[in-house]
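See below for the structure under consideration.
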Amino acid sequence: MTGKIVAVFDFDKTIIDLDSDNWVIDELGATELFNQLLPTMPWNSLMDRMMKELHSQGKTIEDIEEVLKRVPIHPRIIPAIKSAHALGCELRILSDANMFFIETILNHLGLKDYFSEINTNPSFVDEEGRLRILPYHDFTTSSHGCSLCPPNMCKGLIIERIQASLAKEGNKKKMIYLGDGSGDYCPSLKLKEDDHVMPRKNFPLWNLIFSNPIQIKAEIHEWTDGEELEKVLLQIINKISLEEDEEGKSTCDAQLLSASDCKLQIISASAHEALPQALSVPQ
């Protein structure tokens, strides 16, 4: 039954316990320059610029990888992801970090194969060995049109695309969205009544949701750390599974009742063969 659940995770401060961009900048000693440049350009563009600065200072891709492998993560996050996957949930990531950071961390943690899709800002290592970070949405050519989201990524649009692709497959899947930041508010607004949203307590998403909870159609479940994330996530999966079982049982009971009615009508018809009209059998 849990094959009917899609769990969509934010990455920074949800799967890992901090912001991967800040972690790399701080660990490689570039915080001061980062803070100087931050007011002058969008975050995503600044990260690409910082990778150029780090490269010019002699920092290598291997240096960045080593920093990413040291990223702090709550010990219950890995079992939570593995348990949700084992229960048949489809797991996806929706993050405003970048593909190189996310894949490096997931590979190091042995988690990459548990996710069917990673939606994030593209990145690649160029011929000079410098990491390039690009916007998910190329805002230099057009705007995604959402005032709630940063110019490089509207997570709400991506959630709508996922919803549309699930509908096209004919799957009435329920979605669980887990996040913490203000960028997770737009996708939370797109969730439907049968869906669930898990905002991290006292983080921007939680504050936005509880400032006006009537805006959210999905069921809201707060969490504080990895231990609570695991507990709440598995409770939701269990609840959905029980509901699916009940729906299946009700359908089965209705079908059995219908079959029973048919049988009674057939018996009734044979007992009254003298009647000129045939009894209609309900389909």
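Cβ atoms here come from the backbone N, Cα and C positions, even for glycine.
These figures come from a predicted structure and were not determined experimentally.
Copied from TrEMBL, the annotated features are:
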ACT_SITE  D10  active site, nucleophile
BINDING   D10, D12, D180  Mg(2+) binding site
ACT_SITE  D12  active site, proton donor
BINDING   D21, D96  substrate binding site
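Among the recorded positions D10, D12, D180, the ones whose Cα sits within 10 Å of the Cα of D21 (substrate binding site) are D12, in sequence order. Long-range Cβ neighbours of D180 (Mg(2+) binding site) (same chain, at least 6 residues apart, Cβ-Cβ under 8 Å): D10, D12, K13, T14, P199, R200, F203, P204, L205, W206. Residue environment of D96 (substrate binding site) contains 24 other Cβ atoms, counted within 10 Å of its Cβ in all protein chains.
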